[in-house]
Amino acid sequence: MGRVGEKLDIDFVISTGDNFYETGLTGVDDQAFELSFTNIYTAESLQKPWYLVLGNHDYKGDVLAQLSPVLRKIDNRFICMRSFIVDAEIVDFFFVDTTPFQLKYWTHPKGDHYDWREVAPRGKYISNLLKELDVAMKKSTAKWKIAVGHHTMRSVSDHGDTTELVQLLLPVLKDNGIDFYINGHDHCLEHISSRDSPIQYFTSGGGSKAWRGVFQPNKDKLQFFYDGQGFMSVQLDQDQADFVFYDVDGHILYQYSQKSLKKTHHPSYVTDE
């Protein structure tokens, strides 16, 4: 990631969630923060802002600690919120807190504890989130609109499609002309094209625990699937969006480009789970 980040001169990094395994952070003084973040991403090119969403494993710990501004004082790169927008001029990134959508975490936690403080009750939280997201997306005048969440929308790997997101979140994305949905959760790299909308789905969850050996096709069009570790870069200008998947050594596995209209500068991003 460091070498690719240097080559692309990236502007910032996106983490698609599950930032701390297995059970999030125990508090703002948890050594896991430095062991799993500060001491890992040491490359000069990665000393840029990191925008992070929460994953289901983060919700098993102290969520308020992971959202705390105290962590930014320890490492000022770390910018983690529930749902938020990053305005990067020609592109708006809409980060969505997807964990509360999955009903099984509420009804069948299987012995796990989920930190639902400031989230419960589920129905009201999701309703408000979707309304605010819809308003924000409608106000956006950016050339590109990208949604980022932890959970899969479409996936052919272990977790597969997330039913609640397909039912509740996807209609909002379609209604507002979202170009791409980027997620983690499944520990692999994927590109899937929607058959009933222009949306492209990208899974960049290859930060760890890969090689699941699961493949279960869905109804959409699979463009690329790599059941292993790696990461993804995105370069955008007014004319074109370029996505590249890399393996752990930085070798290119797959490239996808989508044309647009006008031309401007080339901001760049790296995603990782």
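Cβ coordinates come from backbone N, Cα and C, glycine included.
Quick look at what TrEMBL lists:
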DOMAIN    6-188  domain 'Calcineurin-like phosphoesterase'
BINDING   D18, N56, H150, H185  Fe cation 2 binding site
BINDING   D18, Y21, H187  Fe cation 1 binding site
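Cβ neighbour counts within 10 Å, taken over all protein chains shown, single out H150 as the most crowded of the binding-site residues H150, H185. For the binding-site residues D18, Y21, H187, the largest tally of other C-beta atoms within 10 A is found at D18. Between the CA atoms of H187 (Fe cation 1 binding site) and N56 (Fe cation 2 binding site) there is a gap of 13 Å.
All chains included, 21 other C-beta atoms sit within 10 angstroms of the C-beta of N56 (Fe cation 2 binding site).
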